[in-house]
Amino acid sequence: MLSLIPSPTIQFKPLFPSKTIKPLKPFSSKSSIQSVLQWNRKPELAGETPRVVVITSGKGGVGKTTTTANVGLSLARLGFSVVAIDADVGLRNLDLLLGLENRVNYTVVEVLNGDCRLDQALVRDKRWSNFELLCISKPRSKLPLGFGGKALTWVVEALKSRQEGSPDFILIDCPAGIDAGFITAITPANEAVLVTTPDITSLRDADRVTGLLECDGIRDIKMVVNRVRTDMIKGEDMMSVLDIQEMLGLALLGVIPEDSEVIRSTNRGYPLVLNKPPTLAGLAFEQAAWRLVEQDSMKAVMVEEEPKRRGFFSFFGG
Ligand code: ADP
Ligand code: MG
């Protein structure tokens, strides 16, 4: 059962309040990888379908689009049908991350103008045919006049009543900020994934966004903490995931390490989760997808690897 924890008003305490947190071992521990690989059963889909999930953050550049692409493709690999909507109209880039930019001929704007059918605007991924991309409009164009929450809700309803059946997941990649584009993106959603990085500005925006989501009736909010660096946490230069969780009071869907492979995969248009062999960030995204399916969450736990040795923080908690 999902825990719905109300978001407390954020109180910024000294950066590292918890002195009990032990020094961290580098993330690439062999035992961490092994604990990840045991997640090999198919997750059970919880909740009513389609699950309409908005990926949001408030602050820009924290990893919303990266999360949408990687969680979306992970869901498809797990056997679920997924439509990812790029609702970041001004700075559309989900198509680039997915390597599908040359195949976007039509967008929602053309569908609404009656220039094409909805299925013509859906771009099917060649690698995973149960994954489709839908863009709102062409790059560098503004949000079409009058396009708002109602129009996006119409699109979601149209996806539900497609001939081949409703998708299991509709993921909405939200624009940064909390203005019109944000309101539009969250309107059709029933649940939210809030992406944050371990820095004060991102956390403050995340807290503000949590309040706005709750005002909009979205109470099922889980967070992904992205770009985590164990070496910096160890040096007390970065907030720990435990402290972030304490501040935001949200259920934790995943913790993604800082990984240069993410940037490489972004530039190649080949999402990280498709990499072989998998990288730690890719595995962390897969786990987040797995938890999303089951409406599960993880705990940021401290694990003693060996009693006589120094402890380390496990990102792959239960
Ligand atoms: P947003 O959609 O929130 O604006 P993006 O997903 O576009 O953010 O990510 C912004 C930048 O951060 C991209 O260049 C991406 O490659 C990089 N990035 C995201 N997550 C990570 C990570 N875990 N490690 C390293 N780079 C990352
Ligand atoms: Mg983005």
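Note that Cβ sites are derived from N, Cα and C of the backbone, with glycine treated the same way.
Here's what TrEMBL has on this protein:
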BINDING   Lys59, Gly60, Gly61, Val62, Gly63, Lys64, Thr65, Thr66  ATP binding site
DOMAIN    53-271  domain 'CobQ/CobB/MinD/ParA nucleotide binding'
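For the domain 'CobQ/CobB/MinD/ParA nucleotide binding' (53-271), the model's average pLDDT works out to 93.
When the binding-site residues Gly60, Gly61, Gly63, Thr66 are checked against ligand 2, none has a Cβ within less than 6 Å of one of its atoms. Same-chain neighbours of the ATP site beyond Lys59, Gly60, Gly61, Val62, Gly63, Lys64, Thr65, Thr66, judged by a C-beta within 8 angstroms of the site's C-beta center, are, in sequence order, Ser57, Thr67, Ala176, Val195, Asn226. Annotation note: Gly63 (ATP binding site) sits in a coil segment as assigned by DSSP.
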